[in-house]
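Participant: Pasting a structure here, questions to come.
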Amino acid sequence: MVMDVGERDGDGEDGGWENMGEDNGTKSPTDLVDETVSMIEYVARFGDYRRAQRKECYNLARRMKILLPFFDEIRHHGSPISHNCVASLSRLKKAIRLAMKLLKTCNEGSKIHLALESEAIMIKFHNAYVKLTQALEELPFDELEVSDEVREQIELMLTQLTRAKKRTDTQDIELAVDLMAVSSKTDERNADIAIVERLAKKLDLHTVEDLKIETIAVKKLSKERGSTAESIQQIIQLLNKFKQVLGMEITNVLDDTDTPQKLSKCHSLVIPHEFLCPITLEIMRDPVIVASGQTFERESIQKWFDSNNRTCPKTRQTLAHLSVAPNYALKNLITQWCEKNNFHLPKKEDQASSRKFFVDHEDEISCLVEQLSSSQLEVQRKAVKNIRVLSKENPETRVLIAKHGAIPRLVKLLSYPDSKIQEHAVTALLNLSIDESNKRLITDEHAIPAIIEVLQNGSMESKENSAAALFSLSMLDENKVTIALENGIPPLVDLLQNGTIRGIVPPLMLLLEDKKLGMVDEALSILLLLATHAEGRHEMGQLSFIQTLVDIIKDGTPKNKECATSVLLELSSNNYSHILAALQFGVYEHLVQIAESGTNRAQRKANGLLQLMSKSEQIP
């Protein structure tokens with residue numbers, strides 16, 4: 001079974017793997033190894049992944065690369081390979097194909113869609129881990145004569161996959177709340193532009209080129225799901241808001257036929273195969289040539305030599321010497337390609353324009369900050385409104401406003417009797433808090449009690465922006481406790497009853513996570529009320545606190561377990577995916593225990609969940 005790994009490259013795009021059928025027992029061992037290795041190499045060429053799944057993607061891709069030495073040994077297997085071994089290799093190939101398709105989606109799919117559907121994507125990752133684990137555990141290592149070293153690597157990979165199946169990273173809460181706020185169908189608010197800007201940066205959709213590529217991805221998605229689907233309309237709504245921030249023309253995405261054809265092949269950045277080191281499958285920074293004429297990353301080939309290897313890792317021939325020579329020609333090609341495809345570098349004219357803006361506006365900002373302390377009501381009102389507007393524009397302006405001392409003055413204005421001044425002040429603080437250093441400055445001015453006061457007594461818009469400001473400040477750990485101790489929860493409950501749900505769930509999540517505050521039952525009671533509303537269920541689903549509920553069901557007090565089981569039942573009654581997620585976190589055996597020995601109410605709720613699981617065919 002001898003063949004060159006680097007020869008197969010499919011059709012130049014996806015290697016033809018999307019159209020590959022089932023093996024049906026007809027594939028030879030050579031074909032199975034060849035095609036499986038090519039899929040792993042194809043994955044290695046992905047330049048980057050969407051932010052929402054980036055960490056999980058890199059981990060999965062890295063684990064797939066661990067299998068390359070295993071397949072290399074199979075290539076050089078001396079004796080014939082049995083039907084049993086071929087069947088095992090076929091199952092492993094299917095598991096890798098599933099993982100490859102998932103990684104491809106996260107590499108080139110719509111960034112907005114992947115962020116909105118992050119929970120469903122995480123379930124797909126879990127499924128990929130299960131399939132890979134099953135396939136690897138069934139491999140007949142002894143029959144395949146796998147070396148101890150390679151076997152140890154695969155056993156380590158199995159340990160990592162087992163850990164990954166048990167772990168589900170919590171979603172970026174700030175991203176989830178921003179998505180919900182920007183997706184709101186209520187009237188636009190001034191604070192929304194700041195949130196849209198922050199969200200665009202989080203999703204890497206803050207340049208014209210980014211949005212053109214995202215438009216192509218949305219078109220492709222709409223063809224797959226249907227343009228009238230509610231989820232597609234929500235994605236288009238968000239896409240148009242991002243375009244508005246950059247001043248782009250808003251067109252009908254689904255009917256827009258003016259997009260350059262060349263963009264249709266720019267869904268993702270694919271690294272040319274020849275730029276990858278054959279050992280690590282990573283893009284080379286310092287390529288060097290060995291005696292066989294093959295090129296490798298200097299650090300990788302040196303480690304190969306340091307491990308007492310005297311052969312070429314790619315051709316397996318014995319090397320005449322271990323000297324290496326820099327491959328300057330390839331290094332120059334890589335450098336040129338990187339420069340050509342770096343879409344995120346700011347243009348020079350943009351930098352010059354930015355500098356001119358700050359020179360022109362610094363005097364204006366300084367003057368406005370001084371006017372915040374004016375004794376004339378109209379001057380104050382106009383100044384705080386202008387500060388609010390300016391604080392939406394960009395990160396540099398927010399830093400500049402803080403630099404000129406606006407934060408202490410804005411905090412004082414929170415207690416001002418004029419409702420419009422109060423509204424502008426709290427919204428300006430919300431906008432300024434987007435900057436991490438400004439969070440600290442606002443906290444140092446003891447703003448949280450004053451913001452809670454606005455949350456209690458302000459106008460509806462002031463209350464909503466106060467809730468959002470508290471969430472933003474809660475990113476500092478010490479503020480999580482302060483919000484609860486300053487009685488920030490009761491006004492949030494009042495906002496739920498008399499206003500909108502926006503801004504409620506994040507502070508409640510803080511109380512669930514910090515059990516030493518002793519407010520778990522209170523927070524769960526409010527969340528149960530939220531779960532009876534469609535909007536509340538949507539937000540909780542986006543925030544993915546199913547694992548937190550399961551942890552409370554496992555380890556909480558009897559009352560905690562009762563409340564958490566009630567919330568999980570309410571959510572699961574409306575969405576079976578929550579049942580699947582809870583089962584993956586190990587809730588089943590604990591529900592059985594509660595059904596037998598919990599409080600009366602907990603027993604009823606646990607039995608209700610077990611019945612739902614049975615109906616959904618998730619348990620026998």
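Backbone N, Cα and C atoms are what each Cβ position is placed from, and that goes for glycine too.
Annotation comment: TrEMBL describes 270-344 as domain 'U-box'. The region 'Disordered' annotation in TrEMBL covers 1-30. The repeat 'ARM' annotation in TrEMBL covers 405-447, 446-488.
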Participant: Write out how many residues of the repeat 'ARM' (446-488) are helix, how many strand and how many coil, based on DSSP.
Facilitator: 34 helix, 0 strand, 9 coil
Participant: Which whole-number mean pLDDT does the model give the domain 'U-box' (270-344)?
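Facilitator: Overall, the domain 'U-box' (270-344) comes to a mean pLDDT of 80.
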Participant: According to DSSP, how is the domain 'U-box' (270-344) divided among helix, strand and coil residues?
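Facilitator: With helix first, then strand, then coil, the domain 'U-box' (270-344) has 25 helix, 13 strand, 37 coil.
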